[in-house]
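Q: The structure's right below; bear with me while I get my questions together.
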Amino acid sequence: MNVFCFTVQIHMKGSVCSLQNSTFKVLISQRVQAQHCVWYGECGESDKVPGKKYNCNYTGPPIPLPADGHELLTELCPGYDYGNQSLCCDVQQLLTLQGSLQLPLQFLSRCPACFFNLMNLFCELTCSPRQSLFVNGTQFTNDTAANKTNVVEVQYYIGQTFANAMYNACQDVQAPSINVKALSLLCGKDANDCNATNWIEYMFDINNGQSPFPIIPIFSDVPVSGMIPMNNKTYGCTEGLEDGSGPCSCQDCSQACGPQPVPPPLLPPWTILGIDAMVVIMWISYVAFLLIFIGAVIGAWSQNTVIFSTKKTPIFYLTVNSFPHLSLCVTVDASCGETLGERFEFSLRSLFARWGSFCVRQPLVVILGSLAVVAACSGGLVYMKITTDPVELWSSPSSQARQEKDYFDSHFGPFFRAEQLIITTTLQSESVYSPNPAGADVPFGAPLDKDVLHQVLDLQTDIENIVASYGDQKVTLKDICLAPLAPFNDNCTILSVLNYFQNSHEQLDRSVGDEFYVYADYHTHFLYCVSAPASLNDTNKLHDPCLGTYGGPVFPWLVLGGYDATNYNNATALVITFPVNNYHNDSINLGKALAWEKEFIVFLKNYSNPNLTISFNSERSIEDEINRESESDLSTVVVSYVIMFVYISLALGHIHSFRRVLVDSKISLGIAGIVIVLSSVACSLGIFSYAGIPLTLIVIEVIPFLVLAVGVDNIFIVVQTYQRDERMPQEELHQQIGRILGDVAPSMLLSSFSETVAFFLGALSTMPAVRTFSLFAGLAVFIDFLLQISCFISLLGLDAKRQEGNRLDIVCCVKLPVGQEEKTDGFLFHFFKKVYAPFILKEWVRPIVVAVFVGMLSFSIAVTNKVEIGLDQKLSMPDDSYVLDYFKNLSEYLHTGPPVYFVVEDGHDYLSLEGQNSVCGGVGCSNNSLVQQVYAASLISNYTTIGFNPSSWLDDYFDWVKPQSSCCRYYNSSGAFCNASVVDTSCVHCRPMTPSGKLRPIEQDFMKFLPMFLSDNPNIKCGKGGHAAYSSAVVLKGNDTSVGATYFMTYHTILKDSPDFIDAMKMARVLADNITSAMGHKVFPYSVFYVFYEQYLTIVYDTVFQLGVSLAAIFAVTAVLLGFELWSGVLVSITIAMILVNMFGVMWLWDISLNAVSLVNLVMSCGISVEFCSHIVRAFSISVKSTRVERAEEALAHMGSSVFSGITLTKFGGILILALSKSQIFQIFYFRMYLAMVLLGATHGLIFLPVLLSYAGPSVNKAKVFAANKRYAGTEREHRLNF
């Protein structure tokens, strides 16, 4: 009576009934007097659910429970543990109830309130002493063998309030190992489609394989047909229980979380009046500059001031001609700096002149010495190693991502290799499934047609049967695949929708029905498995497992593509993934994997099925395709270099007449110059190979191009200066070439040393590809300079003697008759001197040039911040690569990104409650714990890119080890682990059913049972076994006495392009930093792509640093080698900086992203730009003409033609050929960028820089002018200097 009064009070408190109605009072009174049992004990076998028994019909009063059931009653239904424990169930019924509740216990007990309410539901149904108030037997059969009556159907009246409260307490509970809500496993459908009524209906449906007879729930909060619905007290998930259990965690109870996290709003674009702010600022700046500049030009012109004067004012106080009465020993009024500069210039000139004279006089010694040095250095090529490993190319060993990768690999093993197929069908086989006997129609996508699935299964089986050869061994998939349960289960992990059907044609064809309907087939099994992928029993009439044959779940978001939301049945693509072991420092097994992958690729390339469209990728595919691309582009590169070689060989000669074509040509000298350039590259590669520094493909592809640009320019300058020079009276050939080298070598030294220093400083980069390129390039450029001022000068002397002796080029033994030939200027030199230079420096042209180039600069600055960062992986593939189709389908169909692991480094204390609470996600865990923070991040996945709740070994271990669970048992005799599927009376629970035993294990208890958990395979009685899910996630140390490093895995959202990957890594690191701060212990995120994309987190800084250091080096070297002329260094640096900024403008216009490849090209662009600028500036600085315009004109006339023919024309032909490459990366990062750097360098060096010098060039060095007049006094050169 007391119990019933309590029930009435609950009803009254819930305002669901009123005792004011007298009729209702009579009804209540009658029911109280009539309350009795509906059943007691178990009878015959259920003819509907094999292995289950019916309950025996019994309408008498409750019966006291035997003593051997008291402990079990306390465990299951502690609310009945009072008085004489009179109940409507016996011990066997309690045991059956215990077995039936194992699965809900394992998944729902993480939330005590949820599980308490659920137990209340089943305890009231099974054992309540007032059972007849809300349970009504409706169908019975006779059990003749036992002379009893079976209860074969009952109605269970349940309060709607109770049902709703129970569902609300359970709806958010998570299943950590499979990243889904627990109700997905317990409701027969996806948790999102589950509600209070259909969940309870499902649990009482005989089709779920647990209920032995139909239990028909009737939901009402008021009496119905004389029955009073069970409406016991419930607990909300935010409430603690009377036994001391705490409220559910935020992860399992959204009400406990407070407000859902809201991502910060995206920063609005920076605009002014709705227009991009940088564009507006640069327009205003450009207009302001034009107004000021034009005003200054007009003002200077109108007032005829000296500021920008073009008037020829003689340097009267410097030239000897102006003061014939002065002696040559007169000292001029030069500053200390000017005198120092002149002395430095004189020292360089003298040094190089003497060296050049020696090289011409002793050609054999110099050439043989050069050959010996080249041979010695190039000998290192024997030790040459080429790095193709992308990790080694793009990730520094000291970088964060690389160290984290090494930590992960060394503790958990390297991330597996993946062989993946994305399959679509050409058939229009979409269908609609109509469940029987009732249910809404469900559309199925074409790839989920059963005939298509059979064909896909055939393909999958064929792939499993691929046999490769490695040495004398045969390699199959089983030899290399990931098999997490080996050796107990050696089935390979195959992530495929066919694994829902155990990869079996027979399972796929299974169905249950009669002559009228099909009640269950592959449709129903698929729909159940996508909502409960870890289930071992789909609980429909098929009762087939969903768990894959390898012992783990097959998540639908990994095997299906092209669906909307979570409507997996709408999938338009199937995804099959074969994870393969990635062997760490095991070349033999890695070789086996590579051999099998090779056969896998060959098989799929040759596979043909008109109904299936397959795109695929293997772990080795990208590297294979890059190598194939390099080989296919070899001919293109060779043609490019041949064109440049032919041009150089022909262009060096200066033909005076047709008769002397073979005499005046310099084909042999040009070839020798090219050999010298290539020798310098070989020396650089050899020296660093001696040092054990491996090469990269970038070094091999880029450095010859760079050194050819630098070296050829110097060759043209030397040769063309010699061709234009007049030998002085009594001057021998070796003296003439020595004097010429004294004139031009300082300029060559300036450019080469600037580039060398800039490149060597570029080696400060932490990016391996950039660092390696800088080292090799810097040394190659410097060796090239040394060979040019030695070996090439000796060869030039020999060629000059050949030419003076009228001997033919190449065939030097043939000699032409002596004839009188007039020496003329070359066409290009004549054009620059008479046409181009005067035109560019006209009074009205110069302002236009400045306006145009400043406009280009302004535009480039405005768009520099809009250059995309990253490298689209599709660009690294050839145009005809099969991988391109895979990349396309990857972006189009897949819904889940790569897995991400939050790694807790070794040293965290898992044995204490405090340490556990900082990590776990269940009851009592901190709201800032690792699992809780990752879970919170998954709620705003569009911002954090964390797609799912993490799988938590710690939370599953706590559920597994609970004494109420059948999972954790051991043999009482030996202490060895006893699996839940074992039936043996000597197996006892790991922990006692006591208040302390129900608490989390700590200290020694924690470590005692953890190895058992990690070795336990999931089975139908215990789905929490940790072997498949967590065996590699936990490192046990000290003979299993402590926990080392561990990880918690989840997935990123789908990532389609470089910005997505960069943002994902950035957000994961922010989250890990927050977790580290909260835990007080190091946690880091790891995903396989982090090592490749980390460079982009700092690429902007690296670019600014690299180019800034290069510019600083160029400024310093230029200023020093030009005789300490700081302003000359500034002008060179400004011009090169403009070229670099304009390169960014071209990158934006031409869709070239900023990455390591383009950064290498920018560093190279900085070096090549020196060639375009430094020679012009030096020629300007040593000119003794009277005005800046004349000095600029002279510098452009004398050096412009050499620069134009030496770099621009040489490179232009070779670059155009690169456009024919099949390689997208060649077309974009080499053809486009090389073309841009040559055109921008040529226009700035040959158009803008002379104009800039005419306006703001450094003043004439008085000491240099005086020295020049003194040096050339009384010669023809003096006449040319003054006129």
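Each Cβ is built from the backbone N, Cα and C atoms, and glycine gets one as well.
Here TrEMBL flags 633-798 as domain 'SSD'. The feature transmembrane segment is assigned by TrEMBL to 277-301, 364-384, 634-655, 667-691, 697-719, 773-798, 844-863, 1104-1124, 1131-1150, 1156-1174, 1195-1221, 1233-1256.
Looking at the shown structure, can you explain where the listed features end up?
A: Predicted-model confidence for the domain 'SSD' (633-798) is 82, expressed as mean pLDDT.
If one looks beyond the transmembrane segment (364-384) by at least 6 residues along the same chain, the residues whose Cβ comes under 8 Å of a Cβ in the stretch are 358, 679, 682-690, 692, 695, 783, 787, 790-791, 793-795.
Residues 373-374, 377-385, 645, 648-653, 699, 703-704, 707-708, 711-712, 715, 719, 775-777, 779-781, 783-784, 787-788, 791-792, 795-796, 799, 809-810, 812 of the same chain, all 6+ positions outside the transmembrane segment (667-691), place their C-beta atoms under 8 angstroms from a C-beta of that stretch.
Taking Cβ pairs closer than 8 Å, the transmembrane segment (697-719) reaches residues 386, 388, 393, 626, 630, 637, 641, 644, 648, 651-652, 666, 669-670, 673-674, 676-678, 680-681, 684-685, 740-741, 744, 747-748, 751-752, 755, 769, 772-773, 776-777, 780-781, 784-785, 788, 792-793, 796, 1157, 1160-1161, 1164, 1167-1168, 1171, 1175, 1199, 1202-1203, 1205-1207, 1210-1211, 1214, 1230, 1234 in its own chain, all 6 or more past its ends.
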Q: Per the definition of 3+ C-beta pairs under 8 A with sequence separation of 6 or more, do the transmembrane segment (773-798) and the transmembrane segment (1104-1124) touch?
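A: Judged by the Cβ rule, the two regions do not touch, with the required three close pairs absent.
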Q: Report, as numbers and ranges, every residue of the chain located at least six residues beyond the transmembrane segment (1233-1256) whose Cβ falls under 8 Å of a Cβ in that stretch; write 'none' if there are none.
A: 308, 310, 705, 837, 840-841, 846, 849-850, 853, 1131, 1134-1135, 1138-1139, 1142-1143, 1146-1147, 1150, 1152, 1158, 1161, 1164-1165, 1168-1169, 1171-1173, 1176-1177, 1180, 1188-1189, 1191-1193, 1195-1196, 1200, 1203-1204, 1207-1208, 1211-1212, 1215-1216, 1218
